[in-house]
There are 2 protein chains.
Amino acid sequence: MDTLEELKTLLGQVSDLEAAAALLSWDQETHMPPAAASVRGLQVATVASLAHERFTTPRIEELLCGLEAQPAESGTVEEALVRVTRRDYDRATKIPTEFVEEKARAENEAHHAWLAARKNDDFRSFEPHLEKMFDLARRYADLVGFDDHPYDALLDDYEPGARAAEVKRIFAGLRDETLPLLQAIVAAGDATDYGVLTREFDVDRQRRFALEVAEDLGLKGEFSRLDISAHPFQTNFSRNDIRITTRFDAHYFPMSLFGTWHETGHGMYEHGVAAELARTPLSRGASLGVHESQSRMFENLIGRSRPFWQHYFPHFQAVFPEALEGIDAEMLYKAVNRVQPSLIRVEADEVTYNFHIMLRFELELAVLEGTLNVSELPEAWNAKMEQYLGVTPRSNAEGVLQDIHWSAGLIGYFPTYSLGNLLSVQLLEAAKAQDSAIEPGLRSGQYGPLLAWLQHHVHRHGRTLTPRELTERATGRSLSAEPYVRYLREKYQDIYALPQTALQP
Amino acid sequence: MDTLEELKTLLGQVSDLEAAAALLSWDQETHMPPAAASVRGLQVATVASLAHERFTTPRIEELLCGLEAQPAESGTVEEALVRVTRRDYDRATKIPTEFVEEKARAENEAHHAWLAARKNDDFRSFEPHLEKMFDLARRYADLVGFDDHPYDALLDDYEPGARAAEVKRIFAGLRDETLPLLQAIVAAGDATDYGVLTREFDVDRQRRFALEVAEDLGLKGEFSRLDISAHPFQTNFSRNDIRITTRFDAHYFPMSLFGTWHETGHGMYEHGVAAELARTPLSRGASLGVHESQSRMFENLIGRSRPFWQHYFPHFQAVFPEALEGIDAEMLYKAVNRVQPSLIRVEADEVTYNFHIMLRFELELAVLEGTLNVSELPEAWNAKMEQYLGVTPRSNAEGVLQDIHWSAGLIGYFPTYSLGNLLSVQLLEAAKAQDSAIEPGLRSGQYGPLLAWLQHHVHRHGRTLTPRELTERATGRSLSAEPYVRYLREKYQDIYALPQTALQP
């Protein structure tokens, strides 16, 4: 077997173990009987740890050295495979197997502690676990190393090449430009009657409608399925085995509909990765930020657009004739774009969402820098909520305990949501400018042209391009808050009939 | 870490990998999108092969030698763990990893070829795969070794300690005693009107009724779930994570009901293994035969008994009032015990079932002994069907291609079904004799006393006892066809009102 083939064989085994670990986790969230939880935690930990062990075997180093001695041509899959595998290998070999196991066990315990703490609104019972998570994050950053800030080491896992200082700069501009818009919207009052949002929509029919649109968006049952979980997510075990989840509320249909289309965006990205990259480290999205650009594009730029509801409203009305009594497409469009400062990130609208992210980013930085203790997080959280959104959680359950991320050791992860929001608009602007069939397609539920553009400029590349390379090649420039801010201004000035002057910072 | 703890840690990792492989397979049969099949085959092969590799590491040999040098007291878990691990290790180390991988790949290909061949009634397209399966079986037998017959090496994987010669002897008695009974039943004609079996029973309500009874039989949703698959099976990923599957036919309710209770028996066995054996090689059923004794007890000895239907009929009627119009408990009891020589093993009744097994056992022996070619199997199959049951398949799809087993490399497996049938009656006789609360419980849907007896005498032991030890301790003698033959005579003489004289061989 030649060097490249042997490397691919070993990486294929690692990929298979990672798929097995992902399936164990998916099953845990969707179908597993409750009494199985404790053993399942051990199983996930073992399989993840063996994947790590298998990937960090010295043989990989030998094979990489052999391939690096005779570098493949730039732009080839082989060159990307060696480069990305080297990156992952160097990061992974800095992490001892014992640390990986300790982290997996601690995360499993923290996850269960978080579930109980959120249920009982009892931050103190979660606090030692959260201390442990930040402690593990600090140790992890030290193990992999960093130039400027330990946060960079964490962020780099989710957004390769991104730096805390750059995120700070982009977020500062975003904050300064969005705050006056938010204030103008709050001052303007309601744009329509929002009562339709809480009318009763049969959940079986919600499921049917959500899936019909998801299929129009490209997600076919041949290579995907939708299940129910407490927290919606996308995972996959190969590009033809996409699993998305959602949750249903008969009295709040936006949750399942926009949630399904959000995960559809993630799923279409993973399905669109070139088949030749399968079972290698190249066969997934370039970063969480690029991933989020796809989910947000489907959920918001398409799903919450006026053309979308002008097209789908008649069918939506046919599925829910009673619930939509007295409602037209325009009212629905305005209702699903209600802007309202609120406590819960996952329920936030396009204008306020990024403030939830900035808050978390700033708190993570402060704890890592040692200027804030974990025990002080609830108060610091609430103070920032008041500062940015003018609302204060009545409990930690709807404050600092609301997200699963920290209990899962995901520190440095939150900024990618906002980076994805920004990128979604930058990509869609570029796509429309480059292919004149895309805009008419969005008006008629014909997503083929847009999908083809995304497939060509984003999906197929997998991890062969960095987020920066991908962004610059697809849009002609690096990531900026400017297109997103412009998108928000145009959309919400119209919906809330705002005076032009109100929008300047 | 001391020697025993290190062994348990390594065995725990193997157990976790096996659970992951089992979940990949369960998902493949129940939920996986169709386009994922080819990559899934690779994933199952990789994880199964890594489990094998992990189990056959020389460190296990060192640890076993250390523990064997200072043997634990007989009857302790430690003694059983060392003994059973040694048995498995010696068998496994005789099989090279490459052979395991080749077998897994060939089985995956054979499985897909069998699906297509059965669908198209095209034995010739499956023949090379079946040749390969018998070839692998022969090579496997040579690798693990045997004293008398290569079949023993295969059988021993499923029924530790069993031998082909012993099975031949038991089957000969069973055949000679059952054939006159079957002939008398066929001569007697119908015992009742069987029309109820093909009336329409709503599948959602079938599911509900099947699960309600399964719960009475001890299978709680807390540690189990029921899904749909083309071929019903039980699998599990820990004793608190039991998965059973069934299939539904609106016009043949016995399939889902008795199928569910059959798998419930398997599931209760695995759930009942002592918790202290978890994540070790001791933590599953003693053999397939003992397993089948539990599933057949639930399906047939309980589910097809007169007391069962006398107890459940009113509820069954409440769930299906239209379908059961004009039917009473006695008619239903007789209908679900229809004896009818037929072509398909999984649809066979208690009297004819074992003939389907004897046929397969004899054909497997003949192919392994070289007295029959794989290409001659269809004709040999049909000839034996005519000889034993007086029926001839009209196609290979309902003949030699009907079972999944050979395509999955399961040669030497079939006899365990009949051994389980025999053991089920031998165990239930012993249970009733030892605890007088069991028989009244069976009349009133109170399965607690029987479950407690099974838990104590069968389930909790896992693999700490061999099938022979378990049988002798629980019933006071080794396995015999005599109780089963007596059970059949008493039950069917009554149902078919047979003259006493008709039953002698």
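Just so you know, glycine gets a Cβ as well, placed from its N, Cα and C.
Within A:GLU222, A:GLU292, the residue that TrEMBL lists together with A:HIS262, A:HIS266 for binding Zn(2+) is A:GLU292.
When Cβ atoms from all protein chains are considered, those within 10 Å of A:GLU292 (Zn(2+) binding site) total 26, not counting its own. Each of A:GLN234, A:GLU263, A:GLY265, A:HIS291, A:GLN294, A:SER295, A:ARG296, A:PHE298, A:GLU299, A:GLY420 belongs to the same chain as A:HIS262, A:HIS266, A:GLU292, is absent from that list, and has a C-beta within 8 angstroms of the C-beta centroid marking the Zn(2+) site. Looking at A:GLU263 (active site, proton donor/acceptor) and A:GLU292 (Zn(2+) binding site), their Cα atoms lie 9 Å from each other. Shown in sequence order, A:PRO232, A:SER295, A:ARG296, A:PHE298, A:GLU299 are the residues of the chain, 6+ apart in sequence, with a C-beta less than 8 angstroms from the C-beta of A:HIS262 (Zn(2+) binding site). Cβ neighbour count for A:HIS266 (Zn(2+) binding site): 25 (other Cβ atoms within 10 Å of its Cβ, all protein chains included).
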